[in-house]
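See structure below.
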Amino acid sequence: MSTDGESPEEPGWKAVASPKASAMPEKRGSAQAASSSWLQGFGQPSVYHAAFVIFFEFFAWGLLTTPMLTVLHETFPQHTFLMNGLIQGVKGLLSFLSAPLIGALSDVWGRKPFLLGTVFFTCFPIPLMRISPWWYFGMISVSGVFSVTFSVIFAYVADFTQEHERSTAYGWVSATFAASLVSSPAIGTYLSSNYGDSLVVLVATVVALLDICFILVAVPESLPEKIRPASWGAQISWKQADPFASLKKVGKDSTVLLICITVFLSYLPEAGQYSSFFLYLRQVIGFGSVKIVAFIAMVGILSILAQTVFLSKLMRSLGNKNTVLLGLGFQILQLAWYGFGAQAWMMWAAGTVAAMSSITFPAVSALISRNAESDQQGVAQGIITGIRGLCNGLGPALYGFIFYLFHVELNELGPKLDSDNDPLQGAFIPGPPFLFGACIVLMSFLVALFIPEYRKTGGVQKHNNSISGSLSTPPERGSDEDIEPLLQDSNIWELSSEEPGNQCTEL
C-alpha cells in the first residue's frame, strides 16, 4: 500500500499506528491514483500531442477571420482600428500578468491541467460572437488571463526533448500554428458567404470542443511524476508562484535580460501588425475577402517551410544566435516593405519575407530554454510568453493610435478604392505604423548582437529556487549533453527513434 512519495521509514511507522491512521496512506494512494489516471492519455508525450492542441485552437479562431471583421466594424463603426487595439491591448496586458504564474504552477502541478484551462478559456468567447457582440469583445479581453497556450505547450515539449532537439521541436509546433491558418480562413469565408456567419461560429465552437476533448482523453502528462507533488493538496505558497518574483530574475541574469529585451522589441511591432493587418489590406490596399484568404494561405505555407525545413538547416549551419539575427533581419525588411508599399504586388512580395521572419520565435524559445533547468521550463517559457503578452497589449494600441494620427479609418467594410483613398495610397509612407515597427525591430537586432552564442548555466533556476524548493531534486543532466552542439542531428525521422523518456516524435 506504499506510494512513491512515502519515505523509507514509513513502513515501520505503519506497523505501530492505529487502524484509522494506517488507512490514511491508502486514501492518499487511491486519491493519487485517481488523479493520475486522467493524466495518462495515449502513449508517450510527443510533438504530435502538442501540435494537435495548437492546430485545433488556432484553426477554430482562423475560421472566424471574416466574421470577426464584420462584427468588429458593426460594433465599433467609428475608430475601428483604435477600438481593436484597445480590446487586444487589455487581453495582452492580462496575458502578461498571468503567463509567468501559469508557467510556474505548471512546473509544480503538471502541464495537462493548464493546457486544458488555457484552451477552454481562450476559446470560451467564440459562441458569444452571435449571442452578444459586446459580451464577445468583453470576454476576449478577459480571456487574456488564460491566453498563454504557447508557453505551456513549449514547456510541455521541453519536458521530453533533449536540449539539442528543442529548436526543431519548437519549429514544428510553430509551423503547426501556421498550418492552422492556411485553410481555416478560406473555409470560414466560404461558409460565411454561402451559409452565414452563424454556421461559421458553430463550426468553430465544435472545433474548440474537439480540442478540449482531445486534451482530456489523448494528451499524456509530460512532467515526470517525481517532480510533481504527491497530490493537488500540496501547499503552494504565493511566494512560490508569484509572477512578479519570477520576473525579477530577468534583471539578474544578463543573458535572460538581453533575450527578453530582444523579444519585447521584436514582438511589439509584430503584435500590432497581427491586430490590424487584415483591416489594412482591405481599407488601404484594396484586398477583398478572397485575396485576404489567399494571402494568409500563402504566408502560412511558406511559414511552414521556413519553420521546418529552413530552421533546422539554419540552426545547424549558423547556430542559435545567428538564426535569431537572420529572422530579425527578415522582419525589418518585411515591415519596411509594408510601410513603403502601396500596391498589391508589394504586399505579396513582402509576405514571402514575412514568412521567413517566422523563424525568430522558435529560435528565441530554444535559446531561452537552454538557460533553464529541466524543472524550470514552464517558468522560462512563461517569461517569454508574458513579455509577448505585454506586447500584445501595447502593440495593437500603438498601431491603432498611429493609424488614428494619420487618419486611417475603416469607414466601409469592403475594399475602398475611390478617390478618397488615392491620396493615402499615393503618399510617401502609406503604412506609417509598419515603418515605425521596422525601426523598433532594428533596435532589437542591435540588442541581440550582444547575446552570448552559448552559455550553459542555471540562469532561470538559480534565481527562482522558490518555485521548486519543496520538490525533489531534479535529475542531473549528463556531461555529454552539456558539451554537445545546439542541433547535433536535426533529422526529424531520426529524432523519433529516441528512448521513450527523451522521445521527440516529430510530425
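Each residue, glycine too, has its Cβ placed from N, Cα and C.
What you are looking at is a predicted structure, and each value in this text was computed from that prediction instead of being measured.
Residues or ranges marked as compositional bias 'Polar residues' by Swiss-Prot: 462-473. Per Swiss-Prot, N-linked glycosylation site is recorded for ASN464. The topological domain 'Extracellular' annotation in Swiss-Prot covers 1-51, 106-113, 158-170, 220-257, 305-323, 369-389, 452-507, and the record cites sequence analysis as its basis. The annotation topological domain 'Cytoplasmic' is assigned in Swiss-Prot to 73-84, 192-198, 279-283, 411-430 on the grounds of sequence analysis. Annotation source Swiss-Prot lists transmembrane segment at 52-72, 85-105, 114-134, 137-157, 171-191, 199-219, 258-278, 284-304, 324-344, 348-368, 390-410, 431-451.
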Among 52-72, 85-105, 114-134, 137-157, stretch most in contact with the transmembrane segment (258-278) (C-beta, under 8 angstroms): 85-105
Stretch of maximal Cβ-Cβ contact with the transmembrane segment (431-451) [cut-off: under 8 Å; candidates 52-72, 137-157, 324-344, 390-410]: 324-344
Top Cβ-contact partner of the transmembrane segment (348-368) among 114-134, 137-157, 199-219, 284-304, 390-410 (pairs under 8 Å): 284-304
Proximity verdict for the transmembrane segment (52-72) and the transmembrane segment (199-219), three or more C-beta pairs under 8 Å: yes
Beyond the flanks of the topological domain 'Cytoplasmic' (192-198) by at least 6 residues, Cβ under 8 Å: 66-67, 70-71, 129-130, 289
The topological domain 'Cytoplasmic' (192-198) - residue tally per DSSP class, helix then strand then coil: 6 helix, 0 strand, 1 coil
